[in-house]
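Features reported for this protein in Swiss-Prot:
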BINDING   Thr227, Ser228, Glu229, Glu281, Thr380  L-serine binding site
BINDING   Arg258, Arg259, Glu260, Val274, Glu345, Leu346, Thr347, Ser348  ATP binding site
Amino acid sequence: MIDLRLLREDPDAVRASQRARGEDPALVDALLEADAARRAAVATADNLRAEQKAMSKQIGKAPKEERSALLARAQELSVKVKEAEAAQHAADADLDAAHRALSNVVLPAVPAGGEDDYVVLETVGTPPEFDFEPKDHLELGEALGLMDMERGAKVSGSRFYFLTGHGALLQLGLLQLAAQKAVANGFTMMIPPVLVRPEVMAGTGFLGRHAAEVYHLADDDMYLVGTSEVPLAGYHADEILDLSAGPKRYAGWSSCFRREAGSYGKDTRGIIRVHQFDKVEMFVYTTPDQAEAEHERLLAWEREMLAAIEVPYRIIDVAAGDLGSSAARKFDCEAWVPSQQTYRELTSTSNCTTFQARRLSVRYRDENGKPQIAATLNGTLATTRWIVAILENHQRADGSVRVPAALVPFVGTDVLRPPA
């Protein structure tokens with residue numbers, strides 16, 4: 001949720017953010033009205049309670065002959081207090097609903113526009129030039145015995161797969177390398193739950209316009225997470241953190257689940273867009289004034305991992321209209337995919353400012369000991385999709401694939417060849 005002080009002091013900035021996202025600026029006016037109504041309801045209830053308290057004192061001091069009339073007045077006042085408190089509770093609920101309907105306020109540097117209006121910040125490496133017709137990752141993966149889409153579909157349906165043999169080792173190697181780098185950079189390694197309560201899923205902002213992407217277990221009213229960002233965001237819900245020594249950094253290793261409800265017909269081949277994958281995700285709690293610097297650090301750690309797998313990539317500043325509701329700014333790292341002759345996302349890192357922490361009531365104490373809302377950030381350190389970039393960029397004319405040196409200790413070989 002956004003800061004209501006910003007809303008009251010500069011509603012035009014919030015309206016501009018909504019327009020930049022391609023969302024309805026009228027939601028800002030609805031929130032302003034709900035905020036005003038709630039404050040009026042609180043004032044009415046407070047005044048009536050004060051009057052009721054004064055009446056109680058008056059009755060205690062009144063002569064016997066006056067008490068009957070005062071008691072009747074007190075009963076009338078009691079009814080009004082209950083009505084005012086009910087109105088206040090209703091106003092609280094209306095304010096909360098209006099507050100949650102609004103996306104985070106984008107930062108000033110975010111590019112305007114939609115999905116195709118990103119800004120390329122840097123291009124790293126050069127796409128390989130093959131003297132043969134390169135294969136796509138699925139053809140390579142199946143020929144090398146790394147993945148089995150057909151049996152994945154037989155067992156679970158479309159967009160499911162088996163990673164087999166060295167394919168499984170390649171994924172485990174990626175995730176273990178990411179875990180090692182995370183720990184070396186001061187992160188606490190976590191294996192979180194992948195089922196969360198509705199309030200945690202809602203708190204991270206995933207039950208808004210992207211709710212259709214989330215798997216819901218109706219009988220248990222639990223949600224399967226699409227990223228370990230969700231349980232890690234809920235880890236310190238309703239707590240006051242000590243950030244005096246610096247940010248709290250966690251790296252979550254989990255399976256992730258996405259319905260891909262809006263992706264019918266897109267990336268149906270291979271493992272680029274699937275319902276289940278594994279990922280190591282960085283998650284940080286920090287103070288709001290340090291959030292932008294921390295965002296740059298997360299990007300730098302992602303770059304370290306991408307350098308380790310030796311693939312060409314670019315960094316983009318995602319446009320406002322393509323941001324998730326909780327992100328105030330997002331950088332994506334996209335690797336070159338030879339079979340598609342384009343770049344595809346491998347990592348994203350988002351600065352969510354105080355949006356998630358306000359929803360989840362995560363605070364810290366400032367230098368005066370006063371509780372303040374924390375800031376949260378997240379970023380990908382490795383995921384299943386990286387296998388696509390590794391196979392396609394490191395393939396050779398004979399159909400084998402070179403294993404990046406950093407992954408050789410995990411995979412057990414420096415070249416992937418078809419099984420004998």
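Please read every residue number as a count from 1 along the shown chain.
Heads up, the Cβ atoms here are built off N, Cα and C, so glycines get one too.
Keep in mind the model is a prediction, meaning the values are calculated, not measured.
Feature annotations (Swiss-Prot) mapped to structure.
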{"residue": "Thr227", "record": "L-serine binding site", "contacts (Cβ under 8 Å, 6+ apart)": "Ser254, Cys256, Lys279, Glu281, Asn378"}
{"residue": "Ser228", "record": "L-serine binding site", "contacts (Cβ under 8 Å, 6+ apart)": "Met190, Pro192, Val194, Gly252, Trp253, Ser254, Cys256, Lys279, Glu281, Phe283"}
{"residue": "Glu229", "record": "L-serine binding site", "contacts (Cβ under 8 Å, 6+ apart)": "Thr204, Gly252, Glu281, Phe283, Asn378"}
{"residue": "Arg259", "record": "ATP binding site", "contacts (Cβ under 8 Å, 6+ apart)": "Ala212, Glu213, Val214, Tyr215, His275"}
{"residue": "Glu260", "record": "ATP binding site", "contacts (Cβ under 8 Å, 6+ apart)": "Arg159, Glu213, Arg273, Val274, His275"}
{"residue": "Glu345", "record": "ATP binding site", "contacts (Cβ under 8 Å, 6+ apart)": "Asp332, Cys333, Glu334, Arg385"}
{"residue": "Leu346", "record": "ATP binding site", "contacts (Cβ under 8 Å, 6+ apart)": "Leu306, Tyr313, Cys333, Glu334, Ala335, Thr380, Thr383, Arg385, Trp386, Ala389"}
{"residue": "Thr347", "record": "ATP binding site", "contacts (Cβ under 8 Å, 6+ apart)": "Glu302, Met305, Leu306, Asp332, Cys333, Gly379, Thr380, Leu381, Thr383"}
{"residue": "Ser348", "record": "ATP binding site", "contacts (Cβ under 8 Å, 6+ apart)": "Val318, Lys330, Phe331, Asp332, Cys333, Gly379, Thr380"}
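Note: Arg258 (ATP binding site) has non-local neighbours Glu213, Val214, Tyr215, Gly226, Val274, His275, i.e. same-chain residues 6+ apart with C-beta under 8 A of its own C-beta. Here the Cβ of Thr380 (L-serine binding site) has 25 other Cβ atoms within 10 Å, regardless of which shown protein chain they belong to. Local packing around the Cβ, expressed as the count of other Cβ atoms within 10 angstroms, is greatest for Glu281 among the binding-site residues Val274, Glu281. Per the record's binding annotation for L-serine, residues Thr227, Ser228, Glu229, Glu281, Thr380 show a top Cα-Cα distance of 10 Å.
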